[in-house]
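First the structure, in the form of structure tokens, and then the observations on it.
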């Protein structure tokens, strides 16, 4: 944060009132004559030697109004929230980064840590507070906060507890940044994206779930490992739920336009002698494996969220598999959010790509929707 100390001294000359403001902040400001003592009856803060040093160091010509091109706020400074913050900072995607968390000690510590490294990421304005006013006028708000599942707790009960948390978050976010876009990262992400959409009353293009963007990255990485090809050159999608019922679209997997299904008709099925279906199994299992070994997954999701952020704030119109409302598509009639390929730009989700799925893939997507709806229909708002 930047801390500003203002010292006001009034003097009257020739019937006019002149006010001098001495600021110990980033914006330049006029300085009083060196012989004039600071303070007096009008002082609102104690005099500081730094005021003299600043005035000796600089000659001010005009006041400077802060110009902000973009502002990102992150709600939640746990491992995932901070991985998102660092990934965004390293990409230089905004002029201001605001952090919000209920844990004041952790929040202050994480903020100071980032501020001390701001020289290396060219980001001078990193602010934080427990109060959502710090998020005011955000272009993008990223939600990583939420309740964790307790031992033996049902998924429905976990989601219901998160609904209560999201009610508090969304009312403040909407109050201070009514035109922002939302990226929901908290799990279960598809259901909580639906919750955020319902509570915010934002149009669906401005409420985005991180969804299967990371699942797809894992999928492409593992395909690339099998073929000894960089994952960027492996084209394939994971759609549906971010979780166990996700759908690998084997019918569309290709390398340089060559569909792998033309080379192996049984790819991704039980009849496949190469057992490519294990690639998707590894995608689903990988998060559990990482959690078992190190406790959390956060770096990959942080990089994934920064990738989505870049597409939105730079209006790149890239296609990402993110969670959005898909009622009326693929035979799905429930009010659910699932990942499908979407074009992301400055308005959020500008378009949805109507991917042609094989019958068995569409059936799995419908099953994924039912899994989510069975929980959503029981939620109390």
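Glycine is treated like the rest: Cβ placed from N, Cα and C.
According to Swiss-Prot, 101, 102, 103, 104, 105, 106, 148 bind NAD(+); the candidate from 60, 69, 187 that the record adds to this site is 187. When the binding-site residues 187, 297 are scored by other C-beta atoms within 10 Å, 187 scores highest. Cβ neighbour count within 10 Å across all protein chains ranks 242 highest among the recorded positions 148, 155, 242. For residue 106 (NAD(+) binding site), the Cβ neighbour count at a 10 Å cut-off comes to 13, with all displayed protein chains included. For the pair residue 155 (substrate binding site) and residue 242 (active site, proton acceptor), the C-alpha distance works out to 14 angstrom. Straight-line distance linking the Cα atoms of residue 105 (NAD(+) binding site) and residue 297 (substrate binding site), rounded to a whole number, equals 23 Å.
Comparing the Cα of residue 101 (NAD(+) binding site) with the Cα of every entry in 218, 242, 297, these being the recorded positions, the smallest distance points to 297. Closest by Cα distance to residue 106 (NAD(+) binding site), from the recorded positions 218, 242, 297, is 297.
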